[in-house]
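S.K.: So that we are looking at the same thing, I have put the structure below in structure tokens.
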Amino acid sequence: MANTKKTTLDITGMTCAACSNRIEKKLNKLDDVNAQVNLTTEKATVEYNPDQHDVQEFINTIQHLGYGVAVETVELDITGMTCAACSSRIEKVLNKMDGVQNATVNLTTEQAKVDYYPEETDADKLVTRIQKLGYDASIKDNNKDQTSRKAEALQHKLIKLIISAVLSLPLLMLMFVHLFNMHIPALFTNPWFQFILATPVQFIIGWQFYVGAYKNLRNGGANMDVLVAVGTSAAYFYSIYEMVRWLNGSTTQPHLYFETSAVLITLILFGKYLEARAKSQTTNALGELLSLQAKEARILKDGNEVMIPLNEVHVGDTLIVKPGEKIPVDGKIIKGMTAIDESMLTGESIPVEKNVDDTVIGSTMNKNGTITMTATKVGGDTALANIIKVVEEAQSSKAPIQRLADIISGYFVPIVVGIALLTFIVWITLVTPGTFEPALVASISVLVIACPCALGLATPTSIMVGTGRAAENGILFKGGEFVERTHQIDTIVLDKTGTITNGRPVVTDYHGDNQTLQLLATAEKDSEHPLAEAIVNYAKEKQLILTETTTFKAVPGHGIEATIDHHHILVGNRKLMADNDISLPKHISDDLTHYERDGKTAMLIAVNYSLTGIIAVADTVKDHAKDAIKQLHDMGIEVAMLTGDNKNTAQAIAKQVGIDTVIADILPEEKAAQIAKLQQQGKKVAMVGDGVNDAPALVKADIGIAIGTGTEVAIEAADITILGGDLMLIPKAIYASKATIRNIRQNLFWAFGYNIAGIPIAALGLLAPWVAGAAMALSSVSVVTNALRLKKMRLEPRRKDA
């Protein structure tokens, strides 16, 4: 190969030599390709002819075989974007770069998230490419105070606005002369006075628009800066032309439009300031989450307590937490007992009792006892850090509903410039033939009324505020896509154990004396069965002292048999009692049947071959489960329960909470198939679960909802995480989605409607340029302000909410 390039790809998913051989063979089948795949290093080295192939082709080939190519993700801060055309252009350019798998640019957060192949490109190249487009870019620094940076930028905008307003206000008086035929001092109408005021506004305050326009045009793009620069320049330089005519005596009453250019720039700066101020409020939820983090920790070193910064805590460190202090990091209690306020994580205001070996979560509040703990997760691995990461990703992601606005934004400015040019031609040739000024005014109005900003802000601002508000209530959406999909859900499938129920069996009924209970708990205390644990805990709550068993024997399918202090104990079902010739009184038999019908596990107890008690154990239904399911029904959503339990137990639980559809006796591997069956009926299905065996069903469902108290596998597989396990958050999540999508539609309707109506009105000459500029400035502000209404939304579902 005369013209060759070499690249190295990190491959994931290979398990043996057959994998590496398969990939190597497939790559080498491509023309002019020489590939070697190393299983040990998990790398593929590929030599190829760049005229025939590119790296993406090799990546696609590897992925088609079922393997992955390692991708790195970087977040970039971008400044200088003024409208949707800017963010769309940067996104388009990044996605065309070699080695970039996917790039999204968010105008609201002023950030880009880029997934790239490290063998082909790196973060510095991405930054350089953005800078070449005329914007400032840097790799996001998580330790940098973004709030103070934005506050400084906002202050800078305010100063420029004030200076521009002071210079423009005297010129504004001229507009009142035109509108209301007012008398004003001659100084205000003096061309030199107007020139002196308007020029610094145009070329010092407004220089940013020229710079932005130049950078965009140089790179083959166009944005809002182009519209503002062209529109205000037309007014300003026409005024210069008229002023020259006045100076050389060609006219005694020059038609000046200095006030138009200056007031336009001031109004646009005013709109941008209001927009930036409103946008800064959209990230409040994230700021509140960050403020929850502890700042320092008390570490035990050589027997002494030392306060250290939080970032110096390592896994395995021994920490001491006193009453009223925040738990610094995730960990496990090794000494002491206390109550922990976990409301920031679960929303539950009642403190949770914690003892030795219990886990504690960083940033929760220690209420009343000094504890010693071992750090198990620190830094970015803590529960709060993961919550913040999920919220950040959701707020910077794009919803599919945004695609139309993105497409239009890419063509918006050139179309508007074309309409403005056409307006000028029509006016000067047909409407007012040969008269320059009306044509100029109408075309300037078209240029300045058009607003690509409103289009670009319509979706991301709503997503930011909506996901932030949801996070404040313990609902974590993993992205805008899932916010949009959730509002379409018409069927919710709930796993039973750990989702509808607490997942921990407890004693619900006991008939017998304390001696029988003591013997029963002693017999069960060495068993690892969850039912045995429930019985032992029940006895401990009664403060009974457990002794030791002399003999113990499990009777498969029947129960247990034990000897304790010369007492013979039998615990089990009817069959066990019958086999030992122990008769059941009718009332005991009726109780047993009643418990079993309610889905409880009932056990008979006999001491020395005499029936002495009956105990029932069940996995109890969660608080508010019934209310949550009623709310879902009120919203017009069908609710089903999916469980591996037998039908009787499942029906009993379903009856308690008001679920009509029960899918029972399902093996874990069959859960995903049951979801698919519902989807084949045309239903949009959400699956709610908490265990490892729920993960495939969570992935298969249109929306997977994980209970935050569940396993990491389930949470990773889900699209939404409900913190704390309160089922009332499920209808709230759906309502948050519906409210956010409704808000986005309002924003898009306003953004599209404003431009569709405003541009023709301006072209007809019905709006003065300064009125058009004011309308443009306020259009994007109105979109952001409407999105901010979501901050106050009450997550209370409406009946049959559409």
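The backbone N, Cα and C atoms fix where each Cβ goes, and this holds for glycine too.
The domain 'HMA 1' annotation in Swiss-Prot covers 5-70. Swiss-Prot lists 161-181, 192-212, 224-244, 256-276, 411-431, 438-458, 748-767, 771-790 with the feature transmembrane segment, giving sequence analysis as the kind of evidence. For D495, the entry in Swiss-Prot reads active site, 4-aspartylphosphate intermediate, with the evidence type similarity to another entry. The Mg(2+) binding site annotation in Swiss-Prot covers D690, D694.
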S.K.: By a simple count of other Cβ atoms within 10 Å, which of D495, D690, D694, the recorded positions in the record, is least packed?
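M.R.: Minimum Cβ neighbour count within 10 Å, taken over the recorded positions D495, D690, D694, occurs at D690.
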S.K.: Could you tell me the mean pLDDT over the domain 'HMA 1' (5-70), as a whole number?
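M.R.: Mean pLDDT for the domain 'HMA 1' (5-70): 84.
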S.K.: At a Cβ cut-off of 8 Å, and with pairs 6 or more apart in sequence only, do we get at least 3 pairs between the transmembrane segment (256-276) and the transmembrane segment (771-790), yes or no?
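M.R.: With 3 or more qualifying Cβ pairs, these stretches touch.
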S.K.: Could you check whether the transmembrane segment (224-244) and the transmembrane segment (438-458) come into contact, where contact means at least 3 Cβ pairs under 8 Å with the two residues of each pair 6 or more apart in sequence?
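M.R.: Checked: the transmembrane segment (224-244) vs the transmembrane segment (438-458), in contact.
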S.K.: Helix, strand or coil at D690 (Mg(2+) binding site), per DSSP?
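M.R.: D690 (Mg(2+) binding site) sits in coil per DSSP, no helix or strand.
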S.K.: Please work out whether the transmembrane segment (411-431) lies in contact with the transmembrane segment (748-767), by counting C-beta pairs under 8 angstroms that are 6 or more apart in sequence and asking whether there are at least 3.
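M.R.: Per Cβ check, the transmembrane segment (411-431) touches the transmembrane segment (748-767).
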S.K.: Take the transmembrane segment (771-790) and find every residue of the same chain, 6 or more past its ends, with a Cβ under 8 Å from one of its Cβ atoms.
M.R.: 263-264, 267-268, 270-272, 274-275, 278-279, 281-282, 444-446, 448-451, 453-454, 457-458, 461-462, 464-466, 469, 739-740, 743, 746-747, 750-751, 754, 758, 762
S.K.: What whole-number Å value do you get for the CA-CA distance of D690 (Mg(2+) binding site) and the residue listed as 'active site, 4-aspartylphosphate intermediate'?
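M.R.: With the alpha carbons as reference points, the distance is 8 Å.
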S.K.: By DSSP assignment, list the helix, strand and coil residue numbers for the domain 'HMA 1' (5-70), in that order.
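M.R.: Tallied per class, the domain 'HMA 1' (5-70) gives 22 helix, 22 strand, 22 coil.
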S.K.: Taking just the CA atoms, what is the gap between D694 (Mg(2+) binding site) and the residue listed as 'active site, 4-aspartylphosphate intermediate' in Å?
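M.R.: Just about 8 Å between their Cα atoms.
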